[in-house]
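A.B. asks: If you scroll down you'll find the structure; I have some questions about it.
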Amino acid sequence: MNSIQENEHVTVFREFLKIRTDHPTPDYESSTKFLVEKAKEYNIPYEVYRETGTPIVLMKIEGLEPNLKTVLLNSHVDVVPAVHDSWKVDPFSAWKDESGNIFGRGTQDMKCVCMQFLEVARRIVQSGQKLKRTLHLSFVPDEEIGGSGKGMEKFVYTEKFRQLNIGLCLDEGLASPTNDFTVFYGERAPWWVHITAVGNAGHGSRFIEGTAIEKLMRTINKMLAFRQEQFESLHHGQHECGKKLGDVTSLNLTVLKAGIPIDHSNNFSYNVIPTQAEAGFDIRIPPTVNLDQFLDQIKEWTAEEGLSFKFASYIPKNEMTKLDSDNKWWENFKESCKKMDINLVTEIFPAATDSRFIRNLGIPAFGFSPINNTPILLHDHNEFLNEKVYLRGIDIFMGIIPNLVNME
């Protein structure tokens with residue numbers, strides 16, 4: 001679709017979508033250059049922090065009372081890969097159809113919120129409005145690969161982050177297919193568990209007892225029985241009080257490995273019972289579950305002789321933000337949305353975002369993407385966002401963020 005007379009904010013959004021920050025080789029230098037150029041154009045003070053190994057772009061609008069706790073608008077600039085053959089258009093072309101639907105990797109997760117935060121900052125600076133509290137923006141890398149190493153997980157433990165003096169963080173949420181908007185106050189802890197079984201070997205023609213695969217299968221069956229219990233719990237209530245995905249523990253068998261390879265090829269010896277078998281599980285645990293008790297459950301599942309486990313991903317702590325009248329940030333956020341006739345639905349985020357690193361420091365964090373009446377397409381083929389929904393999202397943030405920053 002021709003971009004003549006296109007809204008300038010939509011044009012900026014589409015330009016950012018075209019930058020290839022997809023894994024495994026995200027072009028962070030180009031995204032950093034883009035953000036720095038916009039900060040200069042919008043007269044927003046900025047710096048590029050590189051101590052974690054990959055550029056983190058920080059912007060700041062200083063408040064009249066800089067000693068007060070500040071508000072952080074956090075967004076990640078990286079996106080997941082896209083299978084080009086499964087898209088109807090180039091996933092990095094930011095193509096827009098006649099209905100105003102913009103197709104591209106990152107339209108929902110989360111380059112939309114990146115640019116909406118930036119536009120809010122631009123409007124605040126342009127208006128000359130004086131803020132009570134300082135407003136920070138952070139554009140971070142590597143969220144899509146867990147935020148570890150060079151992303152938010154490392155950044156939160158730096159002196160630079162401590163100096164930001166954060167009182168509240170706003171981060172990404174999810175699209176809502178209904179007229180409601182979803183706000184997330186916690187998320188499930190991602191545990192990736194690798195189980196190894198060791199047992200007796202022998203010829204495939206015999207009934208060998210105590211084999212590795214037998215031991216592993218017994219454990220797998222126990223864990224899949226637990227999975228079925230959680231599945232039934234999720235789908236038990238179909239009324240308004242029914243559980244959401246973030247309320248239950250999901251468990252999926254994602255890795256299976258066994259067999260004796262022949263000459264390091266893809267062929268295996270079918271007549272040899274292997275001495276070792278392995279399985280990997282992706283487990284997502286809601287913050288309402290005691291993690292120490294769940295760890296004991298895994299130990300019980302793997303208690304049989306010859307079984308052991310280790311974590312490929314492990315989070316020992318998983319805090320959530322309280323949504324009660326004692327939380328002044330929440331009361332302000334909720335009241336701001338009420339004034340705009342926005343109906344909020346509160347949930348636990350079913351996957352993981354950088355917010356978990358913030359919450360685990362004891363800092364309140366809300367996951368909120370102002371996207372409604374839109375199918376949830378993060379990480380999916382043909383991910384899109386309508387330009388009208390995008391522009392309304394900027395207005396929604398303008399109705400929320402200044403109120404938070406000017407809060408007593």
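Placement of Cβ uses the backbone N, Cα and C atoms for every residue, glycine included.
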A.B. asks: Need a hand: Swiss-Prot gives Asp109, Glu144 for Zn(2+) 2, which of His264, His379 is also on that list?
C.D. replies: His379
A.B. asks: Look at the Zn(2+) 1 binding annotation in Swiss-Prot, where His76, Asp109 are given, and name the residue from Glu6, Glu8, Glu172 listed for that site too.
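C.D. replies: The candidate from Glu6, Glu8, Glu172 that Swiss-Prot ties to Zn(2+) 1 along with His76, Asp109 is Glu172.
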A.B. asks: Kindly assign Glu144 (Zn(2+) 2 binding site) to one of the three DSSP-derived states: helix, strand or coil.
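C.D. replies: The residue in question, Glu144 (Zn(2+) 2 binding site), is helix (DSSP, three-state).
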A.B. asks: For Asp78 (active site), which of these recorded positions sit within 10 Å, Cα to Cα: Asp109, Glu143, Glu144, Glu172, His379?
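C.D. replies: Near Asp78 (active site) by Cα: Asp109, Glu143, Glu144.
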A.B. asks: Using only C-alpha positions, which one of His76, Asp109, Glu172 is spatially nearest His379 (Zn(2+) 2 binding site)? These are the binding-site residues in the record.
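C.D. replies: Result for His379 (Zn(2+) 2 binding site): the nearest of the binding-site residues is Asp109.
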A.B. asks: Taking the Cβ of Asp78 (active site) as centre, how many other Cβ atoms lie within 10 Å?
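C.D. replies: I get 24 for this one.
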A.B. asks: Whole-number answer please: how many Å between the C-alpha atoms of Glu143 (active site, proton acceptor) and His76 (Zn(2+) 1 binding site)?
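C.D. replies: Answer for this pair: 6 Å between alpha carbons.
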A.B. asks: Would you mind listing, in sequence order, the residues at least six apart from Glu144 (Zn(2+) 2 binding site) in the same chain with a Cβ closer than 8 Å to its Cβ?
C.D. replies: His23, His76, Asp78, Val79, Val80
A.B. asks: Quick one: which residues besides Asp109, Glu144, His379 have a Cβ within 8 Å of the Zn(2+) 2 site's Cβ centroid, in sequence order?
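C.D. replies: Those within range, site residues removed, are Val79, Val80, Gly106, Met110, Leu378.
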